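> Sharing a structure, written as structure tokens. Questions coming.
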Amino acid sequence: MKVFYDSDFKLDALKEKTIAVIGYGSQGRAQSLNMKDSGLNVVVGLRKNGASWENAKADGHNVMTIEEAAEKADIIHILIPDELQAEVYDAQIKPCLKEGKTLSFSHGFNIHYGFIVPPKGVNVVLVAPKSPGKMVRRTYEEGFGVPGLICIEIDATNNAFDIVSAMAKGIGLSRAGVIQTTFKEETETDLFGEQAVLCGGVTELIKAGFETLVEAGYAPEMAYFETCHELKLIVDLIYQKGFKNMWNDVSNTAEYGGLTRRSRIVTADSKAAMKEILKEIQDGRFTKEFVLEKQVNHAHLKAMRRIEGELQIEEVGAKLRKMCGLEKEE
């Protein structure tokens, strides 16, 4: 897999072009500001007088409605939540599309699963920072960047690579390194990582460890420190140095205990469950479930959020984070 760097990309394809960033959340703000500071012509499309309207104006952007931005722009970069994209696209973006324009995304969900079907003659590309928006902006301002992905679903103009690579350069991704992938690969691996490991698997492991210690009579504060708080130390070591050097940096006791006990926690059954989760992503079952959830106004999701917020680990964590100076009183 080839990695592209700053010297491989040029901004030329975007000169004299207008990029409309649709949405001004964490990624919308970071990507639009970075491209603007790279000398590209950026406008921001938002709901008229919505919460983000004044924020984008305060950041110096040319702000307009989504329809106005889509009409004006050559490249329309959609950065609103996945579950809202198709509805906004159909009502406010699709009528403004003309041959030669480019639709761009930072997640392939709606293109890969067919919720957005672009007309003929329109490029469809993806440029995705592999980092939260605040980090995308901060590292750019520091003169570096975060790694990213690019991919091309439809190359209607025969220069889609030049366009998406210029966007990656403008956002600052090629300063760190850019990998070319596909909409299918980006979408399915991203969803799997979120569900099985990063957001689903890790949080369930932390909760199970915390509850095991508390149920055995240990102080909740001690349980939190040992199963949640210190996780960042280990993740940072892995992030910076890899598994081998993480093991080198922890104590012999931790290394031996971890290596000899870990397979009893994440078992063959765990991996089988991961494979089933991946199948649900690949065959569209998860997507259908998520669409149905939206149709009932996220009732199940709201209930799960409420339950998570009432967990003992949340109450203990809030107190300890305040004690450690990590956040103000919640």
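Even glycines carry a Cβ here, placed using N, Cα and C.
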> Which candidate from Gly133, Gly143, Gly145 does Swiss-Prot annotate alongside Tyr24, Gly25, Ser26, Gln27, Arg47, Ser52, Asp82, Glu83, Leu84, Gln85 at the NADP(+) binding site?
Gly133
> Can you tell me the CA-to-CA distance separating Gly133 (NADP(+) binding site) and Glu230 (Mg(2+) 2 binding site), as a whole number of Å?
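Rounded to the nearest whole number, the Cα-Cα distance is 25 Å.
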> In which DSSP state, out of helix, strand and coil, do we find His107 (active site)?
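Its secondary structure by DSSP: coil.
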> Once near-sequence residues are set aside, which residues in the chain of Glu194 (Mg(2+) 1 binding site), 6 or more away, have Cβ atoms under 8 Å from its Cβ?
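Gly200 - these are the non-local Cβ neighbours of Glu194 (Mg(2+) 1 binding site), listed in sequence order.
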> Rounded to a whole angstrom, what is the C-alpha distance between Asp190 (Mg(2+) 2 binding site) and Ser26 (NADP(+) binding site)?
18
> Per-residue pLDDT averaged over the domain 'KARI N-terminal Rossmann' (1-181) comes to what?
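Overall, the domain 'KARI N-terminal Rossmann' (1-181) comes to a mean pLDDT of 97.
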> So of Ser26, Ser251, which of the binding-site residues has the fewest other Cβ atoms within 10 Å around its own Cβ?
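Comparing Cβ neighbour counts within 10 Å for the binding-site residues Ser26, Ser251 gives Ser251.
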